[in-house]
Amino acid sequence: MPDLLRFANIIPLFKLPTLRVTAGGKCPLVNNLPPSSFRSSSQLTSSHGPVFAKVNRREGAGGWSPLVSDRYQWLEVDLGRRTQITAVATQGRYGSSDWLTGYLLMFSDTGHNWRQHRQEDSLGAFPGNSNADTVVQYKLKQPVIARYLRLIPLDWNPTGRIGLRLEIYGCQYTSDVANFDGSSSLIYRLSVRPSWSEMEVISLKFKTLKNSGTLLHAEGQRDHSLTLVLEKGKLLDLVESGKLPSSSGGQLLVSLGSLLDDQHWHHVKLERLSTHLNLTVDKNTQQAHVPAELSHWDIHQPILSNRNFHGCLENLLYNDLNLLYLAKKNNHQVSAVGNVTFSCAEPVSVSATFTDAHSFLQLPGLTTWSSGVVSVALQFRTWNKAGLLLTFDLPQQEVMVWLYLSEARLRLQISGGGRAQLDLSAGSGLNDGQWHSVELNSREDQLSITVDKDEGATAHVSIPLPLTADSQLFFGGKKTRQSEGSQECRNPFRVFQGCMRLLTLDNQPVDLIKVQQRLLGNYSHLQIDMCGIIDRCSPSHCEHGGRCTQSWSTFHCNCSNSGYRGATCHSSTYEQSCEAYKHKGNTSGHYYIDVDGSGPIQPQLIYCDMTEDRTWMVIQHNNTELTPVHSSPERSQHSAHFDYAAGEEQLAAIVSQSEHCEQELSYHCRKSRLLNTPEGAPFSWWLGGPAPGQVQTYWGGALPDSRQCACGLQDNCLDSNHYCNCDADYDQWTNDSGLLTHKETLPVRSLVLGDIQRPGSEAAYRVGPLRCHGDKNFWNAAFFDKETSYLHFPTFHGELNADISFLFKTPSSSGVFLENLGIKDFIRIELSSSSEVVFSFDVGNGPLEVQVETHVPLNDNRWHSVRAERNVKEASLRVDKFPAATQEAPADGHIHLQLNSQLFIGGTASRQKGFLGCIRSLQLNGVTLDLEERAKITPGVRPGCPGHCSSYGSLCQNQGRCVERASGFSCDCGQSAYTGSFCHEEVSASFMSTTSITYTLKEPYELSRNSSALPSSIYSDTTLRGENISLGFRTSQSPALLLYISSFYREYLALLINQYKLHSSRDVEVLWSRVTNLADGRLHAVTIRRLADTVYVQIDQDAREDFNLTSDVEFNNIKSLILGRVQESDELEAELAGLASLGFTGCLSGVRFNSISPLKAALLHPDSPVIVTGPLVQSSCGSSSPADPYAAETTHSLSGTRNRLSQPLVNAIRSDSALIGGLIAVVIFVTVSALAIMARFICSRKETYRTQEVKAAQPEDGHEFPFSSQVDCESAPSQNQKEYFI
């Protein structure tokens, strides 16, 4: 876009007066007007005429009263010339019970084409009087410049009638005006080039009936130009290439305004401040940035104004210079092209507004229609896709003709006898708010409809349209009537809401003023001589890029792909930090982060690294790798710039709201010094902190401004005379590395390395990603321990959009969370009962409430979330995940929330209904209130609020333990076989046949050495009466040993998949399992729990199987847990020993025996008492996707067992005094037919145990066994050796 300074350089530098107003600005205007200045719709008598409607006068009947008191009446005042009107005052009729309680104000320059004045964008009604004597004055917020004022009564004293006395206040208004006929223009030429100016302003007013035309066109160097162009009723600011202006070409800088072709004055202001450009149309402003290549134009060519523009300009000013005044005075720098006149031609165009479902216009037919030729034409504009334009009936043919809009297309339908005899359509997109012309023509056997002069649709039909003078045409809607013997006539289509003008019947214009005077036709609910269409999308109330669409009475925001939600796309769909995502149960991954919620900063995709004790936000940049730098005599420095994935605003907000941020900065060197130089200036430095960054001369691990590296701070550098290892300048590789942790200097933006030009110098650097953790906003909390306590903050400003979100927990059943008051307006959120939250407010239309009933108690001292939003369309309230409640805003009412008191948190100004409990993470329109800082200085309120595990502890999975923190919580996975932020990540590994993991609970000891001392391990000196085993596996191997547990007393437990039969002559108790096909290469989960003599087995999602042993079983003095191949299997019987030597080929995951997780210890905690032999590969094989962990998996079989029968699930009990070894085994095996079987064996030495009775009973279905992370044990030994096979 061209520099507006350059634009203005063609204007001579002298000032001329342009605007002249009387002093004071508030003069009464009505009292001295002649009687001819007053008109009205009607008068009750000559004594009630409009001429008597003067404030505080008693002539005549003491004021104006119309013949009939209804909403079609009006009083009009002609001020004689255009005047700046500042206020209006009303009074009732003297000595009567007649006064107005509400009214509308209309203004006009011509006495036609009235424009309704609105207090706000949607509020048009003004309050009137409460008696006949008091004068009620309303001061206009913005002065109105007009010649005519029309007052329309809306409501009046119900016991009287309409009665009015009126006064108008204002001052004289004079301006310079020029009229352009569409082919005329003015050209300004520069004679003396003035000096450059930092700020320039161009302003003007214009009015037109045409929706397109060029207002200003400035030509510059290299065929570039700036153009202000009107296109479809919108004002566009364009930068173009080429000498001729174009309404469609060029680079669009900004677009503003709508419906500017309404023949009303519109104010335009163009401001340039440096490279920023502001365009204002009426009350709305948008900003654009001047492109760099266009900011230094040297405009010397002419400026052409108003090419193709048909209308008037007023007060065209450059700074304080009136250019139209120069043109009117025939200044030599100005030349006119075509017919330019210095008065504004005012074409009269009378419109009618169809406001609601009851609107219609009824017109009689013409006498000329007896010839059989019919022509009807009109223009309309609307936002609705559907609506009836015209209908009439043909009684002789018993058909109805309907001309209507459907899906924004024009359709003509002729129907009769319950069916459509003809259906034509033409046009598209006719609901765009633009004027569209429609013609219906019928002659002989041809019927046609035409839209916007296109030929449209034509039909050759034999259906004539024999309209006559007795025919009645209905426009916009159809009057319903009940005639004798006939049903009520109904409109099958939606009524039309919009404007119509230029109605013609057989090319004869319809005089709508006669219709208004009831001299022609009939009408209902019409506003005649005005078009009341409103563009509810200009300016758009849709935020964050939401797309605005509208109908006649409302608008809608399409928030798709915007990242925001709600009626106005105000609320973000994303969380404000990784911390917030974590506390919704999310795990590590990429997430969209919206750091300011509903604020202007856009969401950004960021990686969240959720570890067990920290939640990191990781922001990458364009080079996080170790980058080598080679010596070069040609250059003395090497520089690197880092572009971050997040924008500047996101970066600043992330660093600000995080408790801790860090960034790795490393320098690897060989004969390349870092900071120290003989001259004292550092060789290298970096820029960090908020953009554009500040020079930093310290290195990772040191303190700001220290000119040191980490080794200097720790006093362990290679050369004690220097503070960095690299400054020793050794001919060997070394490095200076560390973390930058001072948020004020983060992130690193660029890096300059200086000592790289010497021969033999080598270096490499690495700048890691920016990492931040701890969301200060999310955990910012205050505890209110008294009902009379509260926190106060500055007034909340949420005039058009207000969103409030917070979390609370309380033991109380009621209390006010938040309150802010105005003179009349207010906003409040409170807990009204133990299960109901109420959001109440008033913006001037009366109090409204939105309520959410949860049906569960909210006073359970757990965290609950509340989100309230109020905008121009609706108010909404959501509590936790319960359905949101909404309340629509009035269609015609106040929309601005005006507050002026302090904002009270946790109570009210009256100290009543105070809140007891905690409020956390309180945000208003995306801004977090610092509750903790304010609580530190407020009696009765304490900063912070502990006790998060009661709300978030359920996020810790798989035996993870919730640990309270000052800010939040963490999951301790020490007792879990899983890892991750919620102990949710399976620890899995791929095993080969030679892989073995041995977890040793107690080192071996010699019984002969102090044999009276038993082992002191938590397991080695205990007797287990129960086990809790869980694991996942995937294999195609059968048989296979999954888990082996040994004891110092030669007892053992084995969990295996096997084709196995125990050969025994003892009594056998048989139990069957229904689970099949476990060695199928798929992932399976197994849980086995025993308490005394009761066992249950759960495999995958199959039904739980419960078993009872015939006696209580004990397992003594555990020695080790082994996964995979068992290296020492001499104590096992031959068949089990052979199986143990084969090892396991496949995947194991989530292995847990009571509180021991041997696989996790081997992979993640190498300092634990674990021994790994053979290949062990950590992998994701424990995921549910079927994939073989090794392609070479095979199925093994035990020798000598091929001809044995497959045994089902067996529980066998035998006594054998000759047995020396003990055996405890849980066996899961697959038969030839893939039947899964489990066996449990227990043998113990006869001389060390005494007899135990069988005690446990079968548990009830659906109850879990009461296993904790500790071992359930008894020390009572058994005297009888027992062996169980399951």
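Here the Cβ of each residue, glycine as well, is placed from N, Cα and C on the backbone.
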Selected from Cys918, Cys956, Cys962, Cys971: TrEMBL disulphide partner of Cys945: Cys918
Among 477-506, 537-566, 1257-1286, TrEMBL lists region 'Disordered' at 1257-1286
Note down the number of other Cβ atoms within 10 Å of the Cβ of Cys918 (disulfide bond), including every protein chain shown. 24
Based on Cβ pairs under 8 Å, which of the stretches 14-171, 780-945, 946-984 lies most in contact with the domain 'Laminin G' (350-531)? 14-171
Restricting attention to the domain 'Laminin G' (780-945), give the mean pLDDT. 92
DSSP on the domain 'Fibrinogen C-terminal' (569-621): how many residues come out helix, how many strand, how many coil? 5 helix, 21 strand, 27 coil
Within the same chain, the residues at least 6 apart in sequence whose Cβ is under 8 angstroms from that of Cys945 (disulfide bond) are Ala781, Ala782, Phe783, Lys809, Cys918, Arg920
Within the domain 'EGF-like' (946-984), residues counted as helix, strand or coil by DSSP: 7 helix, 12 strand, 20 coil
